[in-house]
Amino acid sequence: MTRPRRLRALAAVATATAFALLPAVPARADAIRDQQWGLEALHTGTAWQTTKGKGITVAVLDTGVDDDHPDLDGQVLPGKDLIGFGAGPGDRSWALHGTAMAGIIAGRGNGPGQGDGVLGVAPEAKILPVRVILESGDPSRGKARETRGTALADGIRWAADQGADVINLSLGDDSESAHPEPGEDAAVQYALGKGVSVVASAGNSGEKGDRISYPAAYPGVIAVAAVDKYGTHAAFSTRRWYATVSAPGVDIVVANPDQHYYIEWGTSAASAFVSGAVALVRAAHPGLSPAQVKALLADTAGDAPSGGRDDSRGYGMVDPAAAIEAGAKLRPDDLSAQSARAGYREEYFGSGPTPRGDDGGPAGWLAPSAGGLGAVLLALAVVLWRGRNPSDRNPGGRPPGSRTPGSWGPGSGSPGGPGPYTGGNPPPPGYSPFPTGPRR
């Protein structure tokens, strides 16, 4: 789902191409780090006094991850390619979006003292890459449209079986024909039952009817909406009942396999921030169940909406530091004595309203079409390289690799954009990287 921006178009969070290019040789070594407002917004400095995610594995189900990127040196475990065709390492249309997400989650920076490059929310966590979608610019997407597959569901199960603690899904389908896919829902419940937290982007259809996005809408998933550096709901971020919390999703610095850095936006990035936050919470409290972790994030979120929750921001800005502190008071659940959904509060962990068909009537659970889902929209929009036409979707079942990567948009200076990003335009007086006011 691409979204036209007033001054520049940003493509979905899927690929690193939708970003504004930062200078390859910044004037100051920490120029890139200075742009990472999301780290301060999440109070990572406080959380890191307890843990930086050591011992936690985050599976990134995406377009692949560049394990040669200096910001991810030593962070990427051997993964799995469930697509089997398309671009490969070194190609322009490979691992753009996945590398960007991995950097947000567990980037460790580079250079002297790791002072350069992108620093992730959980810099001591490990990344388990699982390739389940193709970049929007991959020439093989045509082949993908002609093939049916179950890459996403298979990837979720594989990651859970490999010992992942967290699964990040910066992708989704929020097209007009999107519907719940039993195989994907079952895979999510399988992962939850094995103690794996599942995080997904809420979707980028906030300006296109707030269409329901899957996998974000599956029960038990931690669905993430996007906000800007002022804590304001991002217009493109989908507003739906399933939003659990919100996280940074506007003007986010991301790493790219081409060794440059880009500015992007989208709920893809927001999902990655929360996956990093979950990694910190699970590292501090490894015995907590997915249901407990989800409830912790909701209960400790900062800058809560009036009334405690709304569909645009969920329970507020995720705060891993507060969640870690509150988690110390919890008694770990016995997963063997409860189902994956046990302990969920119905008002926000339920299955939500009945899906509706094109005729306005209840659609119910639809059988998979040759193993695939509906149109391939991708919860986060198109590739980061460049904006794609949101109408360029598969009208039939969802083929392997056809699901759109998260929601990003190309920024000025991205390949095909107007020019390099220079970090100009100083913030207005009184600027704060996160919302002011009481934070729980």
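Note: Cβ is positioned from N, Cα and C throughout, glycine not excepted.
Here TrEMBL flags Asp62, His97, Ser268 as active site, charge relay system. Per TrEMBL, compositional bias 'Low complexity' is recorded for 388-407. Positions annotated as compositional bias 'Gly residues' by TrEMBL: 408-422. If you look up TrEMBL, you'll see 425-440 marked as compositional bias 'Pro residues'. Annotation comment: TrEMBL describes 53-316 as domain 'Peptidase S8/S53'. Per TrEMBL, region 'Disordered' is recorded for 388-440. The annotation signal peptide is assigned in TrEMBL to 1-29. Residues or ranges marked as transmembrane segment in TrEMBL: 365-385.
A map of TrEMBL features onto the structure.
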residue: Asp62; record: active site, charge relay system; DSSP (3 states): strand
residue: His97; record: active site, charge relay system; DSSP (3 states): helix
residue: Ser268; record: active site, charge relay system; DSSP (3 states): helix
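Within the model, the domain 'Peptidase S8/S53' (53-316) shows a mean pLDDT value of 95, rounded to a whole number. Its Cβ taken as reference, Ser268 (active site, charge relay system) is surrounded by 41 other Cβ atoms within 10 Å in the chains shown. Rounded to a whole number, the distance between the Cα atoms of Asp62 (active site, charge relay system) and His97 (active site, charge relay system) is 7 Å. Neighbour count (other Cβ atoms within 10 Å of the Cβ, all protein chains): 32 for Asp62 (active site, charge relay system).
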